[in-house]
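Asks: TrEMBL lists His11, Leu13, Gly38, Glu59, Asp87, Asn102 with the feature S-adenosyl-L-methionine binding site. Annotated domain 'Ribosomal RNA adenine methylase transferase N-terminal' per TrEMBL: 18-187, in sequence order. The transmembrane segment annotation in TrEMBL covers 239-260.
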Amino acid sequence: GILFNTSAGQHILKNPLVVNSIIDKAALRRTDVILEVGPGTGNLTVKMLEKVKKVIACEIDPRLVGELQKRVQGTCLANKLEIKVGDILKSDLPFFDACVANLPYQISSPFVFKLLLHRPFFRCAILMFQREFALRLVAKPGSKLYCRLSINTQLLARVDHLMKVGKNNFRPPPKVESSVVRIEPKNPPPPINFQEWDGLVRIAFVRKNKTLSAAFKSSAVEQLLDHNYRIHCSLHNTVSSFLIDYILFLCAVTYILIFIREIPENFKIAEKIQRVLKDTGYSEKRARSMDIDDFIRLLHGFNSEGIHFS
């Protein structure tokens, strides 16, 4: 008797065969604590409660919370279920071993990165997405769907497309087809400042079919990097006279070179940017065809010249 709010992504997975397939692919363990986002009326939740230690279900709609509570009330599963009411994007994630969810599609992108930046690490996530979003997650360089989402996700995790799910497996049916994806975070993560990385990738993928030389000629990009460069230089120029005297005192017999980065009066950030692109060999490259290693080398090239993206 519940009227589902499709504008809020409420499409309940009704096919028990699909539910069982998702659980099988999650390889759940008896000792697992599972995070589920958007449990709906609990078709997936109840099946998982039979197999794990605990399910933490996060739901924003109080009506569905009531339905889920009624479904397990008075059963042996009730004490294994914890329900958190509220917006998952505005809440701290609890500790969990794996995340299994039929997500509201509107929160797909922010939730994926909230998940990947969460600590401590979890084992894996088995998530239902809109088909095109899922294909973007796994897209490779050169693919039409390859984008900033693809490379950022693949930097932090291994991503695999598991299966397609037709719209008729939901009630009410969504307007799009769906897919199930497995996300396994890289542990340890790559030794990269993610804010710096994302700043570079964001610029490159604004016009992914343009050469990087053209992409970096935007006045907004040049202003941002000029501002960051001047901050970087000012920080390197801040050396206290006391520290210099102390070092000279300790090393009176040794010649010490203290490198201080100064900005010449005729400095132009545009020229420096283009020189870095040329020296690294990426001036005529396009973001659509560059892989993770390419962007790591390019980021190192910029950083070594004092150009930063965060």
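Positions of Cβ are set from backbone N, Cα and C atoms, glycine also.
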Asks: Which Cβ among the binding-site residues (Glu59, Asp87) has the fewest C-beta neighbours inside 10 Å?
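Replies: It is Asp87 that, of the binding-site residues Glu59, Asp87, has the fewest other Cβ atoms within 10 Å.
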Asks: Please determine which of the binding-site residues listed here (Leu13, Gly38, Asn102) has the lowest count of neighbouring CB atoms within 10 Å.
Replies: Leu13
Asks: So how far apart do the S-adenosyl-L-methionine binders His11, Leu13, Gly38, Glu59, Asp87, Asn102 get, largest Cα to Cα in Å?
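Replies: It comes out at 20 Å between the most distant Cα atoms.
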